[in-house]
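Pulled from Swiss-Prot:
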| type | residues | note |
| --- | --- | --- |
| BINDING | ASP43, ILE44, ASN99, GLY105, GLN106, SER107, HIS112, LEU113, HIS114 | AMP binding site |
| DOMAIN | 18-126 | domain 'HIT' |
| MOD_RES | ALA2 | N-acetylalanine |
| MOD_RES | SER45 | phosphoserine |
| MOD_RES | SER72 | phosphoserine |
| MOTIF | 110-114 | motif 'Histidine triad motif' |
Amino acid sequence: MADEIAKAQVARPGGDTIFGKIIRKEIPAKIIFEDDRCLAFHDISPQAPTHFLVIPKKHISQISVAEDDNESLLGHLMIVGKKCAADLGLNKGYRMVVNEGSDGGQSVYHVHLHVLGGRQMHWPPG
């Protein structure tokens, strides 16, 4: 976890990201779901027995810069996350998280929804 915090503290918005490369299929990912608006794939550094990301294909660097016309797309990410969680057997519950900015732990500046499950989640989370 400390490694992710360190990455978040030095990450900055702008430019291409690893998620752009995954969307363009330039680098591999364990894809769970894909449609014309988003992509869901397993996290390469899972923080729970099941941990996947749902990302929009349209680049939006942060929730804080999302526009009103992104509302449907951002809602779609949550619906896809719910469906993928069900497909992966997370029937006892799961957590959805969006990290915003360096203090929020955002290490990749392309909006992404974390879905974590397969164990009891604790509160507070961080």
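Positions of Cβ are set from backbone N, Cα and C atoms, glycine also.
All features noted in Swiss-Prot, drawn onto the structure.
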residue : record           : contacts (Cβ under 8 Å, 6+ apart)
ASP43   : AMP binding site : HIS51, PHE52, LEU53, HIS114
SER72   : phosphoserine    : none
HIS112  : AMP binding site : PHE19, LEU53, VAL54, ILE55, VAL98
Distant-in-sequence neighbours of the motif 'Histidine triad motif' (110-114), which means Cβ under 8 A and at least six residues beyond its ends: 17, 19-20, 43, 47, 51-56, 59-63, 66, 74, 77-78, 81, 95-99
Confidence summary for the domain 'HIT' (18-126), mean pLDDT rounded: 97
Pairwise Cα distance for ASN99 (AMP binding site)/SER45 (phosphoserine) [Å, integer]: 15
DSSP-derived class (H/G/I helix, E/B strand, else coil) of SER72 (phosphoserine): helix
Neighbour-count leader, CB within 10 A, recorded positions: SER45, ASN99, GLN106: GLN106
Helix-strand-coil residue split for the motif 'Histidine triad motif' (110-114), DSSP-based: 0 helix, 2 strand, 3 coil
